[in-house]
Amino acid sequence: MAAPAGSKESGTSLGRSFCKLCLLIFIVFTSLFLVCLIRALTFENREIDYKPCKVTDEDYIRADGKVVDRLVHSLRFKTVSTSKHEYNRDELLKFQFFLKREFPTVHNSSLVKHEVVNGYSLLYELPGTNPELKPYLLAAHLDVVPASDEGWEHPPFDGVITEDGHLYGRGTLDNKDGVLGILEALEFHLKRGFKPKRTLFVALGHDEEVGGDDGAAHMAQMLKDRGIQLEFVIDEGMPILSAGLPMIDKPVAIIGAAEKGYVTLEFKVEVPGGHSSMPPPETSIGILSKALARLEASPHPDLFGYGPEAAMMEHMAPHMSFLGKFVMTNLWLFGPLVSRALASKPATNGQVRTTTAITVFNSGIKDNVLPPVATAYVNHRIHPAQSIQDVIDYDKAVINDERVQIKLSRSVMNREPSPISPTGPEDFGYQIIRSSVKQVFPDAVTVPGILMGNTDTKHYLDLTKSVYRFLPAVLVPEDSKRIHGFNERIAVQNFEQIINFFYHLILNADQEKLQVLHSHTEEL
C-alpha cells in the first residue's frame, strides 16, 4: 500500500532539514579551522634577534682559572641558614672578607658606595651620571640551605670540579653563582672605566633561605627610607630549560613575572574523648579525614589565563611543531584543553591553580583511647590570581563542616602571591632582560612564567612594579631536583655565561629608553 502523500512530504522535509544542519555544522567547523589555521600561519614571532656574544669578542669575559677558583672557594664557606634569625654568622663574615679581597675594584673604587647592612648583608651603589633615570637593582643571596655529605657524589662544601666540567657544591645554583656572576661582571666593567648613566644597586642578602627578614627586608627599607623608586629588580629565579618541554626543540628561558604565594593552614577538630569500647558515630580522626578527603577531591579552580601562563604558551608557539603552534596560537579555543593537560601533571599543575598538599596529621595517643583532638596541616602554593583569604574561603566551602576549625599556621612564613609584573613590548625591565638573554643564549626562546618558589623579591615590591626572577643557567629537567637537593652542580661553561649575561644586562640597562642595545666588536 502506498504511503500517504503527507508522509512523503514530511520525510523529504526532515531530510532537507538534516542536510541543512549538516551543512551548517560543516561551515562552522570549516570556518573555525580556517580561522585557527590563519592565526597559526600568521602569528607574530615575538623573539628579536640580537648579535650574540662570542668568545672572540674583546669584551667577552672568560671563566679562566682565577674566575673559576673564586667560585670554588666561595662554595667552601658554609654560609648555612637553618631557621628564621638562625644562620652561620662566622662563615658569613669570612665570606664577606673573601669577597672584599677577591673583588678589589668593586670594594675600593671611588665610584662605588658599599654598605654592610644588619651585620651581614651587602649593599652596593654605583651612582649614575643622569639623576633623571630611575635606578635598577640586581639581587642575589649569600646563604645556602643545609647539606650533609650523605647522598652526594662529592662533599657539598668542597667545591669539586669533575672531568666533564661540572662544579659540585651547595650554592652552585642557589645562589653563589649569582653573587659571583654579578661581582665578576661589575669588576670587569669598573676595570674598563665604566661610568653608568643609570644608577645601579646590587643587594646581596644573607638570610634568603629563611625568609630574608634580616637581610633583604632591611636593604629594601633603607632604599624606601631614602625615597628611591626602581625601574626594575632582577633576582634568582627560573632557569633556561634545554629540554623537557613538549613540541618545542629549542631551549626556553623562563623569566618569572610572578611568584606564587605560600600559606599553611591548620585544620583542627575537637570532640569529647572517651574509651574506645563506646565509640561515637564519628571520631575526631574520622571527621577530619573526611574533610581532608573532600579537599583533595576538589582542587582549587583552574586559573589558566589569569596569570602569565597563557602568555608563556603564546611566546613559545612560533617555535613549536605545527600542531603545537596550531593549538597555542588559538588559546581562545583550545585554552581549556591546554589547561587540562598542564593540570594532569604534578610538575605543571601549579602553573594553572593554587595547589593543595596535606603534609602533617596528628591525633591519638593510645589504641584504646578516643582522641579528643585531631590536627592536620595543609600547605597551599597560591596562584597570583588568588589571595590567602580566597584560599581559606574556598577550603571552608569545600569542607562545609563547622566542626572543622581552620586558621593560619603561625609557625611558617605565610605570604601573599606577588603582583604580576609587566611583560609587554614597551616594558623596559622585561625587555632588557630578554635582550641580554638573547645576546648570551641566542637559541633560547624567552617567555614569562610563574616561579613556584619564593625569593627575596617579595621585600622589594614597594619599590617597583617590575620585579623579575631569572637564573641565566641552562638546565635539563633533572637538574632542577639538585637545587636544595643532592649533588647540586653547575657546568663551568654555564658560569661563564652567567657572568656575561650580567655584563650585558648592566650595559643594556644603561640607556634612557628601549632602543639599540649594546653591540659587540667584530671578531678579532
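Cβ coordinates are placed from backbone N, Cα and C, and glycine is handled just like the others.
When the candidates D69, D90, D174, D302 are compared with the Zn(2+) 2 site entry in TrEMBL, which names H141, D235, the shared residue is D174. Residues D174, E209 are recorded by TrEMBL as Zn(2+) 1 binders, and the candidate that the same record lists for that site, out of H459, H484, is H484. If you check the recorded positions E208, E209, H484 against H141 (Zn(2+) 2 binding site), the ones with a Cα inside 10 Å of its Cα are E208, E209. Burial estimate for the recorded positions (E208, E209): highest at E208, by number of other CB atoms within 10 Å. When Cβ atoms from all protein chains are considered, those within 10 Å of D235 (Zn(2+) 2 binding site) total 29, not counting its own. Here the Cα atom of E208 (active site, proton acceptor) is found 7 Å from that of D143 (active site). When the alpha carbons of D235 (Zn(2+) 2 binding site) and E209 (Zn(2+) 1 binding site) are compared, the span between them is 14 angstrom.
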